[in-house]
Each structure stands twice: as C-alpha cells, then as structure tokens.
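The structure under discussion appears below in the form of structure tokens.
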C-alpha cells in the first residue's frame, strides 16, 4: 500500500508555474517505484495572491501549508508589484510564510555537477568536487532585532539603527540542526562568526563549542566571516557543512551559489522544530523569460528531491531524482542558462520529459 503525502504547492509568479509543472511531473513519475502517492494541493502566495485577493499571504494558504506534510514553493515577485507598500509586496508574503510555519533553519547546498564545471567563473581545478551545505539561521539576528528604524537625533541628524541579537536558545537550536546535518554528510562543521569584534558572535562561538561535546563524531572548526568568504572562493573543497547567522548566511550562501556557475541549479530547504518544512529553488521568478519555455527547472526538481530527503524521509527517491539529472546532463542536454558548445539546447518542458524518460528506465 502506497504512503500518501499531502504537499502544499505554491507555484507563485513568473516562471514559477512552468518549473512547478515539471517538478510535479517528476514526483508523479517516481512515486510508483518507491511506493509513494502525492496529494498536491495548490495555494496562492506572492504576486498572484495579491492580484487574486489583495494580500501576499492569504490565511487560506497558511492554513493549507500547516495541514500539509511539506510545502513546495517555486518563486515569487515581479516588477509590477515593486511599487506597492512594503507590507503588501510579494516578498513580505514569503517572510510571513516562514514565520507562520516556524521555520528557523535554511539549508542551501552548493554541489558542482562535473558536466557543468565550465559554467563557473572559477578554475575547474578549484571547484571540481565541491559539495557543501550552508546552514543559515533564518528568524533572528540583525534582520529581526529591535530596536530598528531611522530616527532623528536631538541635533536634527538622521540615524539608522539595526540590532543584531541572538539568545542562547536560538543559537543552540540552529546549532543542533547544523551538527545533525554534518553528521549525515562528511562529519565536518565550520561555524562562521565575527567573534573578534561582536559580542553576539562571541556568544555564538561559545554555544557552538559547548554543543560540540554532544557530537564527538563531528569535527567543529571556527572561521571569521571575512576569512570564510575568502576561503569559499580560494579553496571551497575544504568545506562540508557551514553554519552561521542570518546576515552572514545570506551573504555566504550567495557566494557558495555562484561556485556552481548557475543559480538555476540550486535548491534550498527551510526547516522548523515541528510541522512541515518549505522547499524552494534559490533563484527568483525571472519574469523576463516567463511563459517562453526557457526556464531551467532543475533547481525546482532538486528542491523536490530535498523535500523527499529532508521533509519526507525518502532518501532513496531523492537520490533517484538526482541521478536522473546527472544522466540527462551526461547526455549533453542543457537549458539556455547552462548552454555550451557541443550540447543540445532544450526548453523547460523538454528537460522535464528527459528526466521522466530517465526515471522510467
């Protein structure tokens, strides 16, 4: 008897519906082999929700997500909503969704596919074999700390204020996710901070060091964030799992992303302590190519694979999808963002068809 999973599907804006269709087809194709069944429940978020009901995260969408086993999100946003007040913009809907689901840990892998070594701006010998994971704290730090704002001083001068703060509980929570993630990978965890000048980073380092006693099988190291950024570009193969705060993780995960050469190959997962996790590609909604069958669906498909591995505990099914992607790339098929001499250009739908063909072998 098949195991049925209820999946909230948030196709979103721009290329979102196109890449979502491919990911769902891939999941349907692989389901019978692993005794799985999916109940896909569509819901609105972002610009399409604003157009439909006047707000970026309808209450019905949050309710649907909370009642699901996992949430699969494509992309949100577009220039037509940029002039709206901040609280009505698509991006606010995503922040509210993360908050509403209690998601505090963001996992972003950066893995180099051998077939795409040429796509990176770094030398092949520098990036060949890179396979790392950035674990970023999502709900604390300087993006959420209070007080914040732009104030006028007694002398009439404007002063901008943001507060970077973490509690020991918040640090321990993300630290445990990072140690558990590293334990399932190569057993190496690098904690990134700025403990030489920031008290909040001193606490971060102290808490991670204390936690390491519970994970003797994981090797813990520490780097200052400026050095970590340099090392990611100089010698990225030294890293396995990186854990860091919200701001530093925002920056470092984008650096790690470009090691791969294409943001169109990067999935992500956002996890909470309980309840459904959120899985989405790193790239945006790319409205300039929406509806033209030019989008690269592979980051979305890899997000579906992450959902299987981290959200539904189906690692074998996840691996099968990843192996299908490798096989299709081995055969020389590329979407436009990955195209190089000697390869065969395919569109979004055809890339999906090739994956399904590979999965049916």
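Cβ coordinates are placed from backbone N, Cα and C, and glycine is handled just like the others.
Taken verbatim from Swiss-Prot:
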type	residues	note
BINDING	78-91, 284-296	NAD(+) binding site
BINDING	98, 108, 136, 226	substrate binding site
SITE	143	site 'Important for catalysis'
SITE	194	site 'Important for catalysis'
BINDING	226, 250, 254	Mg(2+) binding site
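In this record, substrate is bound by 98, 108, 136, 226; the longest C-alpha to C-alpha distance in that set is 28 Å.
In this structure, the binding-site residues under consideration are 286, 290, and the one with the smallest number of other Cβ atoms within 10 Å of its Cβ is 290. Using CA atoms as reference points, the recorded positions 108, 143, 194, 286 were checked against residue 254 (Mg(2+) binding site), and the closest is 108.
Secondary structure from DSSP puts residue 108 (substrate binding site) in a beta strand. A separation of roughly 25 Å, to the nearest angstrom, links the Cα atoms of residue 98 (substrate binding site) and residue 290 (NAD(+) binding site).
One way to see the shell of the Mg(2+) site is to take the Cβ centroid of 226, 250, 254; the remaining same-chain residues with a Cβ within 8 Å of it are 225, 229, 247, 248, 249, 251, 252, 253, 255.
Just so you know, the Cβ of residue 194 (site 'Important for catalysis') picks up 21 other Cβ atoms within 10 Å once every protein chain is counted. Under DSSP, residue 78 (NAD(+) binding site) is assigned to coil, being neither helix nor strand in the three-state scheme. For residue 136 (substrate binding site), the nearest neighbour among the recorded positions 82, 86, 143, 250, 290, judged by Cα separation, is 250.
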